[in-house]
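Participant: So that we are looking at the same thing, I have put the structure below in structure tokens.
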Amino acid sequence: ITIVDCSDYPKPVCSLEYMPLCGSDSKTYSNKCDFCNAVVDSNGTLTLSHFGKC
């Protein structure tokens, strides 16, 4: 299982860095910050499927 540490999130602004991650919702997030903000918004129900585009 691949895990991303989202303990420092949410953040108000994410960088434009592009390092895509695929969430368990089959959505591609542009970077860890975008993904972790979504994880926080989902109350932890969203998980990482894999690194890279979905």
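Glycine is treated like the rest: Cβ placed from N, Cα and C.
According to Swiss-Prot, the disulfide bond annotation covers CYS6-CYS36, CYS14-CYS33, CYS22-CYS54. Under the heading domain 'Kazal-like', Swiss-Prot lists 4-54. According to Swiss-Prot, the N-linked glycosylation site annotation covers ASN43.
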Participant: Round to a whole number and give the Cα-to-Cα distance in Å for the pair CYS33 (disulfide bond) and CYS54 (disulfide bond).
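Facilitator: Cα of CYS33 (disulfide bond) to Cα of CYS54 (disulfide bond) measures 17 Å after rounding.
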Participant: Per DSSP, to which secondary structure element type does the residue listed as 'N-linked glycosylation site' belong, with helix, strand and coil as the options?
Facilitator: coil
Participant: To the nearest whole angstrom, what is the C-alpha distance linking CYS14 (disulfide bond) and the residue listed as 'N-linked glycosylation site'?
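Facilitator: For CYS14 (disulfide bond) versus the residue listed as 'N-linked glycosylation site', the Cα atoms are 19 Å apart.
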Participant: Taking Cα atoms as reference points, rank the recorded positions CYS22, ASN43, CYS54 by distance from CYS6 (disulfide bond) and give the first.
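Facilitator: That would be ASN43, the closest of CYS22, ASN43, CYS54 to CYS6 (disulfide bond).
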Participant: Measuring Cα to Cα, how far is CYS54 (disulfide bond) from CYS36 (disulfide bond) in Å?
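Facilitator: Checking the Cα atoms of CYS54 (disulfide bond) and CYS36 (disulfide bond) gives a distance of 16 Å.
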Participant: Between CYS22 (disulfide bond) and ASN43 (N-linked glycosylation site), what is the CA-CA distance rounded to a whole number of Å?
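Facilitator: Per the Cα atoms, CYS22 (disulfide bond) and ASN43 (N-linked glycosylation site) stand 17 Å apart.
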Participant: For the C-alpha pair, I'd like the distance in angstrom between the residue listed as 'N-linked glycosylation site' and CYS36 (disulfide bond), rounded off.
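Facilitator: The residue listed as 'N-linked glycosylation site' to CYS36 (disulfide bond), Cα-Cα distance: 11 Å.
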Participant: When the domain 'Kazal-like' (4-54) is classified with DSSP, how many of its residues are helical, how many are strand and how many are coil?
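Facilitator: Grouping H, G, I as helix and E, B as strand yields 10 helix, 9 strand, 32 coil.
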Participant: Rank the disulfide-bonded residues CYS14, CYS36 by how many other Cβ atoms lie within 10 Å of each Cβ and give me the one with the fewest.
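Facilitator: Among the disulfide-bonded residues CYS14, CYS36, the sparsest Cβ neighbourhood within 10 Å belongs to CYS14.
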Participant: A 10 Å Cβ contact count, applied to the disulfide-bonded residues CYS6, CYS22, CYS33, CYS54: which residue has the minimum?
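Facilitator: Each of the disulfide-bonded residues CYS6, CYS22, CYS33, CYS54 was scored by Cβ atoms within 10 Å; lowest is CYS54.
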Participant: At a 10 Å cut-off from the C-beta of the residue listed as 'N-linked glycosylation site', count the other C-beta atoms across all protein chains.
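Facilitator: 7, counting other Cβ atoms within 10 Å of the residue listed as 'N-linked glycosylation site'.
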